[in-house]
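Student: The structure is given below, and queries will be raised subsequently.
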């Protein structure tokens, strides 16, 4: 795990990357939570799940593509912390990325709460009736594993080949599919920042830890599994620490 240095923090590329994470997470959460608020006013349960899932898929694809060559478009503390644990992001960069992501999410939800005051309540990720926290952790871990495993395969792996150009779209589709599958159970957050903003704006921290522990476990397992199943003994290490992807 690379710690980083003070000099890294003042580099223009570093500052630009951190700001990009803040901006893209703000846009991602603002539109994503807005879509969930819109769907929440409908009567059809399928619409309540499908509309946010479609929005999440499109937003993840677009924002990842926009940020890929700047900050790598993480938008997600679980992704950032997982990459830091694997040595692909310095600890310094990891800490500031996560702060930027949480700040962007908080700003988005507080702004949404202001502009929609009295119209809709910001939806906070919550477990379905009858689902206990452990089940929620497992579900979030599995969905996050799926997403981060896709990120490793489509972006981090040097043998990704021609599929690399479509990586943001494919990752977005993975996010959308997971949201459809788990939206009615745990909310399929897969992203602590996505859960943090609404919880802060509503000051509702019920089972909030589930949406940190599950994604962090899933992200860590995905990185470990991809490295040991598909990298070790097959080809060299994944992207060099200082090269592609803005890491």
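In case you wondered, yes, glycine gets a Cβ from its N, Cα and C as well.
So TrEMBL lists the following for this protein:
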- 14-37: transmembrane segment (TRANSMEM)
- 44-66: transmembrane segment (TRANSMEM)
- 78-99: transmembrane segment (TRANSMEM)
- 111-131: transmembrane segment (TRANSMEM)
- 137-155: transmembrane segment (TRANSMEM)
- 167-189: transmembrane segment (TRANSMEM)
- 209-231: transmembrane segment (TRANSMEM)
Student: Ranking 14-37, 78-99, 209-231 by the number of C-beta pairs under 8 Å to the transmembrane segment (137-155), which range is first?
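Tutor: Maximum Cβ contact count belongs to 209-231.
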Student: Mind checking which residues reach the transmembrane segment (209-231)? Cβ under 8 Å, same chain, six or more beyond either end.
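Tutor: Non-local partners: 76-79, 81-83, 85-86, 125, 127, 133, 136-149, 152-153, 156-157, 186-187, 189-192, 195-196, 237-238.
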